[in-house]
């Protein structure tokens, strides 16, 4: 570790958070989880294990719709687990999907599969007694849930660009390599969930599981990584702790990456020491130094990230404490090379190409719109059965996108008609507005314990109301990137939307506006603690002006800033909470 006198280590003067004690005492993430699995008196986990299961890709939840009713009956909340699979780049094979579908139908409370905006799937409502069978199933089909939550590098995103097939494959391979390189070395996951063996702590174990990159207490906080291929910013590359922007050479081949750090969208209502942020550029690295750069950033965050205050522990706060130049210098010291100047690139859009597109390899790719990523069977839309039927005949692969949609990828010309017929039969191909196509929400109620307001369950009707507003003002064919998140933790990425709703209380939200279409700008708070109907009324007035006063092709988010309806967020750590503190500079 570097000299502790270096700027950025002031937090060491304060007591460590209890999570640091928990990790130290966990026997490399094993804890006493095996003992808890045998306890049939509760559906949940006790003590440290409640937190430790997160390192294995799970969260303990309960059904909040019936929580009060159960407490009234002197019953504990109906506890179960959320499981998040590790799936770098979101690619999954049809045979894997068939098994994933079967488990969801037979063993989860909600009998659904949730596609996430981090390009993976989640199970909701897995009972404790089915956890080991679930992990063994995943292991048997080449999958796992290692490090998809808690203080580690989480699922690595990669642009889903089926048209540029060769470049996408190259970038995807690096996304996989980064994911594997930054995984914990501990066998704790396999010992607990696959082998079911109790391993006592010993000196030999410490030598085997030294964790040369993550360290024995892993990272100070969650850590998110993405790989993007311009001009498509579908992964919201500015929202992650570590980002790789693919750069092509003159022959169209991948030659290296621009490396960006310090993005993140979570904050806390009323806590001005917290803020969402867009990532900063460190510079360019050629392909052969990609993993060294990833490791250098992780080690710098490991050593300098705040282990006292978890609310200020993400990379953006480490950079604020060290300065960007100081952070860059430490990363360069770790990887023993210097960053080259950032190479030119441009992002122009974020949305998925819904429908059929043809790749340069002449294969076809069908992107299916899945509202909020929820794959389930309803009488009018048996989507879950539809995807299962596709998996039974599809010869290519599936790709989960960072917009919560599903690509049926690598379809041969002769198979295209069959794939389309199945998709149409089960309602997987539908006519939707541009507004709905680009909308997103987190899960929120009833399963998320942090949710302050609804998100996924109110999004469909809310978008229908906004569709009426756009039609009223003759801009129904336009797109405004709209997102709802049930709390300020930011899982719905509302802090990179043109219209972002952040849950404040049941039925009430903070309304942020002024993000941009390419995902480069944080939206600012416009109205606080208002209802969905009040938000619709506010948007009605703003869209009326946008429809008549905008410049040619001017996006809604750009219009509200140019028209001085709202001030831009320029430097989030300075002016996110107070627009009067804006320092004139280039708007990010």
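Cβ atoms are placed via backbone N, Cα and C, with glycine included.
For the [4Fe-4S] cluster site, Swiss-Prot records 442, 487, 491, and the single candidate of 334, 448 listed with them is 448. Under a cutoff of 8 A between CB atoms, and with a sequence separation of 6+ in the same chain, the neighbours of residue 448 ([4Fe-4S] cluster binding site) are 61, 442, 486, 487.
Taking the Cβ of residue 491 ([4Fe-4S] cluster binding site) as reference, residues of its chain lying under 8 Å away and at least six apart in sequence are, in sequence order, 117, 442, 443, 485. Here the Cβ of residue 487 ([4Fe-4S] cluster binding site) has 22 other Cβ atoms within 10 Å, regardless of which shown protein chain they belong to.
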